[in-house]
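The structure appears right after this line, and notes come after that.
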Amino acid sequence: MIIRSPEPEVKIVVDRDPVKTSFEEWARPGHFSRTLAKGPDTTTWIWNLHADAHDFDSHTGDLEEISRKVFSAHFGQLSIIFLWLSGMYFHGARFSNYEAWLSDPTHIGPSAQVVWPIVGQEILNGDVGGGFRGIQITSGFFQLWRASGITSELQLYCTAIGALVFAALMLFAGWFHYHKAAPKLAWFQDVESMLNHHLAGLLGLGSLSWAGHQIHVSLPINQFLDAGVDPKEIPLPHEFILNRDLLAQLYPSFAEGATPFFTLNWSKYAEFLTFRGGLDPVTGGLWLTDIAHHHLAIAILFLIAGHMYRTNWGIGHGLKDILEAHKGPFTGQGHKGLYEILTTSWHAQLSLNLAMLGSTTIVVAHHMYSMPPYPYLATDYGTQLSLFTHHMWIGGFLIVGAAAHAAIFMVRDYDPTTRYNDLLDRVLRHRDAIISHLNWVCIFLGFHSFGLYIHNDTMSALGRPQDMFSDTAIQLQPIFAQWVQNIHATAPGVTAPGATTSTSLTWGGGELVAVGGKVALLPIPLGTADFLVHHIHAFTIHVTVLILLKGVLFARSSRLIPDKANLGFRFPCDGPGRGGTCQVSAWDHVFLGLFWMYNAISVVIFHFSWKMQSDVWGTISDQGVVTHITGGNFAQSSITINGWLRDFLWAQASQVIQSYGSSLSAYGLFFLGAHFVWAFSLMFLFSGRGYWQELIESIVWAHNKLKVAPATQPRALSIIQGRAVGVTHYLLGGIATTWAFFLARIIAVG
């Protein structure tokens, strides 16, 4: 038994009125920095103002003050999120065809934006069905609202107003907890209390309340909707909540109330807490009763998890003990010291959170189509494509952010003198081995994955299809992926005897699900084409990781620049007289990593878009014959680079290129404009700073001649500013181009 000294009691301590509220301060740009507060001498001032406004580390070195600023900023962020949500719900209430869509979701498209007739813009209001003209939306809000049990635009109005109230509340909380009652540092560092509250409160009670809402409101309302009852005839949510007999008509066990729960006769609740698997054939979404069951189960798990950590009662886990006990035979001191790192460096903490949240977001992208959670989501191809693309991009950005903050931690917060032989130290000591091996893997993957395509292009050009890698010639079947698919397809009755169907139709085995003559989902076959593009995914992901990881591991020092830590997180070069030392800062690795993240995600969303159009999405005739959008051409066309260019990019761009004069013409303009934004980025990425400074000086000379020179001297962008502007426009242009290409295509053919 471990004897430990009694822990200090956890008390919530705040400082009263620590910082006075001052509008004068607010109105003075750069008030947080002595240099910036003086005002501009040159145009560089405005860049530094933007770079440092939210870099709280540069305002003060006091961890408590930094923590309070971050905490307060989080409330501001939540306020903006509530405002945005309120806007979404308001559009649904004021400008949408939600009620019409609800009555006939298979023939009417979702729209929540009607363009005013100014200079002919009303051409954008396409016919979405049911006599409504507007812009077709692909956000999935209609499907989400239906799943929540929202049946009228009035309910959307009320929710929008509620969200505004919460936005105001959050704004107030941000001010209050910085200016009136600011928590002490000890409060921010009390990880056990934080874990208990977040796990039991946010996740546990949050899931429980959602499960309760689903059982008492969503399930009965969706039951009526699925049966074709007019939304106006359906009882209102509060009637279901207050009147148990109403629910008992749909689910008889409701008449017994909580008795089965306390008598452990839980199977009585199996009417509305199911374990079916698969999709509801009426809506093409997961069974809402499965989803309610899932949230109830998750709630129980998190409520238990929220009681595991030791606070004032002397029982439970201590995070520090867990981390320090975490060592194996080959890991030296293991995680000793990690507790101190994560409670004093918010960059280290944020880095872990971003990495996990980014990975989770990408997992969400893959589940939204394979297990579509909301009714009529699976047959809304535009929304399916948008949700996948959106979650992939977001996940990519979050993971790059994880590397960025890990590197900032290394430069600003890592103290090498106190770390010896723990896991982080051991990783840093053999970083050369890690990076050189990773580099070898990248070279191997790059040559081999691309080489397979080049081989196919060459054989195709020489007219030798029998010598190509394809399903009909030299097969490279993804046998491991097919094995995983098969395990999951055969799980019901074998490894998961309680389930009636497998978790997802995509595994195989089952029949397809079609709603209103459109395919919702079917078993997805994998072949040589998928094997090839999968290895391109492996290649681009490994290169992204190589760049980002090198940036983190060499953030403080390298053979080239041993004192890199003294130069900071971002610097252009190691000073004059040190040639070949540009683009070595940790910031530059993030900059370069962003381009490879963009490459990686682009290939993923292209693969998804084409694969789904070729092998999944389409129509089904009365005889049961499925006609896919691109007729199953993925397997034979995507095995050459030429096929990707000709049969995917070029063939599917026809809708966006020919969109002029139609309701999709805005996408044509965006396609053009975003290409322009992307090209504009190259001007910054390939620029020579001196060239612009010379040009500026001759323009300033002309202004002086005419006596119209400004007091603030113009300066060319610094090297890092130029790169920042360049990568921003590169990503913005590239993503918006892809967005216009995808949506014009899928709205036209889907």
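Here the Cβ of each residue, glycine as well, is placed from N, Cα and C on the backbone.
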Discussion item. Tell me which of 95-119, 195-219, 470-494 corresponds to the transmembrane segment entry in Swiss-Prot.
Written reply: 195-219
Item to complete: Sort out for me which one of C573, C582, M683 has the most neighbouring CB atoms within 10 A, since those are the binding-site residues we care about.
Response: C573
Practice prompt. Around the Cβ of H675 (chlorophyll a' binding site), how many other Cβ atoms lie within 10 Å? Please give the count over every shown protein chain.
Written response: 15
Response to the item:
Across Y691, W692, listed as binding-site residues, the smallest other-CB tally within 10 A is for Y691
Discussion item. Rounded to a whole angstrom, what is the C-alpha distance between H675 (chlorophyll a' binding site) and C573 ([4Fe-4S] cluster binding site)?
Written reply: 31
Worksheet item: Where Y691 (chlorophyll a binding site) and C582 ([4Fe-4S] cluster binding site) are concerned, what is their Cα separation in Å, rounded?
Response: 18
Worksheet entry | Closest of C573, C582, M683 to W692 (phylloquinone binding site), Cα positions, binding-site residues only | M683
Discussion item. So, three-state DSSP: helix, strand or coil for C582 ([4Fe-4S] cluster binding site)?
Written reply: coil
Response to the item:
Top stretch by Cβ pairs under 8 Å to the transmembrane segment (589-610) (candidates 385-411, 433-455, 664-686) is 385-411
Worksheet item: Given C573 ([4Fe-4S] cluster binding site) and M683 (chlorophyll a binding site), what distance in Å do their CA atoms have, once rounded to a whole number?
Response: 21
Worksheet item: What three-state class does DSSP give C573 ([4Fe-4S] cluster binding site)?
Response: coil
